[in-house]
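Reproduced below are the annotations present in TrEMBL:
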type	residues	note
DOMAIN	23-476	domain 'Aldehyde dehydrogenase'
BINDING	26, 93	K(+) 1 binding site
BINDING	149, 150, 151, 175, 176, 177, 178, 251, 283, 384	NAD(+) binding site
ACT_SITE	161	active site, charge relay system
BINDING	243, 454, 457	K(+) 2 binding site
ACT_SITE	249	active site
ACT_SITE	249	active site, proton acceptor
ACT_SITE	283	active site, nucleophile
ACT_SITE	461	active site, charge relay system
Ligand code: NDP
């Protein structure tokens, strides 16, 4: 057991335990070892977090934007300085390879703190000339925001929610996924060290019931959740009782379209990155890969050759490229989809079963898998699997592939590979997805808004767009003459 936090929750600037809460364990998915034992928040802890957030928010909102920004930028530096320690913790908690967490997780969280730290000094409204009198608008904080995280990018999700919320003068109560509870506590430590007033960022642990209690709390003004569509629906229903705005970052089954004129190696890179990074556990993954029929055989040949070289094994060994899945439940789910794909009649180009890397026989490893000859009605090609499973489809024409790519209830992301740049823009304009790439896949720089369409959710994280989701607009009319009345 290493790099454990010192208690379960972080409230009002300090670690807090809650013996009344139900205990639960955080497991290392590569071995099944328990790396930490925590307690879920009891109602008293939830109340303490809300009270601390209310006090903290009042103090924090009185800071100038520049002062708030300075704290966030200092936190970004501290996060970078502690990158290795936090990456190791993230690897233990999620099973993701250290070679990934070292560059992707806390690093992207730090970018986010830095970006919103810079924007904090530049929050502004507009001046509206009314010919003598005038009006202006103010962007004001919402108050106490609740952030609820999924297990695939624990510290990144915590930062993507906390950084814009705090930049705008809100307080946040963050509930990590029960499966990956640890790194958000490190973020809380770092924010305090960076000068954040107590109570402005709090972490409470627990399952969906704790999340639901936070969403329903009368003093909470906003909820942002990353998770499954089913959870998004439940959160939105609960939030609607209090007419609270929600940001929903939900699931996807996103298309990657490879035209015959594409740089095939680049397209293979995009498909690999968009299916196997983080052991395939990324919401925006391009798990439906449509390849124009004339290049399909060559594409699959190169894809399989590279996929079979991916090194699975000890997540803490920096030479390892792919770790296990995050939990037994996710492992069972992915293996069931592998069986389903075979039963549905898709062809297995590579992979297709559990993997047993040396010394990790008990680990939750699955071979990176490519199914070809997938048809539009097969469930493996329609449902989100959330594991290293790619489905390759053939297509013949542009209009046909656009219609097929859009034939899903989800719309988180999409990618197009072509050397014809006009076609790239034309196709992307017709794809019903919130985040799109041309000749790339799954790059999410913090400057670019990220989010979905259709049942993949709404609201945006990152970019200036996120500011709108963590502020409310106040309009102020200023009379320069005399107030008049008709009676
Ligand atoms: P879940 O939807 O199961 O859980 C997400 C979070 O919501 C967890 O913290 C969970 O708590 C909490 N939760 C569950 N029920 C409620 C409720 N009624 N009220 C409030 N909170 C609740 O998703 P997973 O964590 O299993 O993540 C996998 C899913 O998330 C995939 O479907 C994936 O597509 C999606 N996802 C989407 C992303 C995006 O940005 N669009 C990014 C990452 C994942 P707990 O689990 O502790 O019980």
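Cβ coordinates come from backbone N, Cα and C, glycine included.
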Return the average pLDDT for the domain 'Aldehyde dehydrogenase' (23-476) as a whole number.
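Residues in the domain 'Aldehyde dehydrogenase' (23-476) carry a mean pLDDT of 98 in this prediction.
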For a quick check of packing: other C-beta atoms within 10 Å of the C-beta of residue 151 (NAD(+) binding site), how many?
21
Which one is closest to residue 457 (K(+) 2 binding site) in space, judged by CA to CA distance, out of the recorded positions 161, 178, 283?
283
Give the subset of the recorded positions 26, 151, 283, 461 lying near ligand 1, defined as CB under 6 A from any of its atoms.
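151, 283, by Cβ distance under 6 Å.
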Need this for a regression test: recorded positions 161, 243, 249, 454, 461, filtered to those with Cα within 10 Å of residue 178 (NAD(+) binding site). What's left?
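Checking Cα-Cα distances against residue 178 (NAD(+) binding site), none of the recorded positions falls within 10 Å.
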Show me the subset of 151, 176, 283, 461 whose Cα is within 10 Å of residue 93 (K(+) 1 binding site); these are the recorded positions I mean.
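Those near residue 93 (K(+) 1 binding site) - Cα within 10 Å - are 151, in sequence order.
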Round to a whole number and give the Cα-to-Cα distance in Å for the pair residue 461 (active site, charge relay system) and residue 149 (NAD(+) binding site).
13
Pop the Cα-Cα gap between residue 161 (active site, charge relay system) and residue 243 (K(+) 2 binding site) into the table, whole Å please.
20
Does DSSP put residue 93 (K(+) 1 binding site) in a helix, in a strand, or in coil?
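In the DSSP reduction, residue 93 (K(+) 1 binding site) maps to helix.
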Looking only at 149, 150, 151, 175, 176, 177, 178, 251, 283, 384, the residues listed as binding NAD(+), what is the longest Cα to Cα distance in Å?
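Output for NAD(+) binders 149, 150, 151, 175, 176, 177, 178, 251, 283, 384: max Cα distance 24 Å.
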Show which residues of the chain containing residue 161 (active site, charge relay system), separated from it by at least 6 in sequence, have their CB under 8 Å from its CB.
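For residue 161 (active site, charge relay system), the qualifying residues are 145, 147, 149, 172, 174, 224, 226, 461.
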Have a look at the recorded positions 26, 249, 454 and say which one has the shortest Cα distance to residue 176 (NAD(+) binding site).
26
Quick check on the binding-site residues 176, 283: which one has the highest count of other Cβ atoms within 10 Å of its Cβ?
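Answer returned by the neighbour count: 176.
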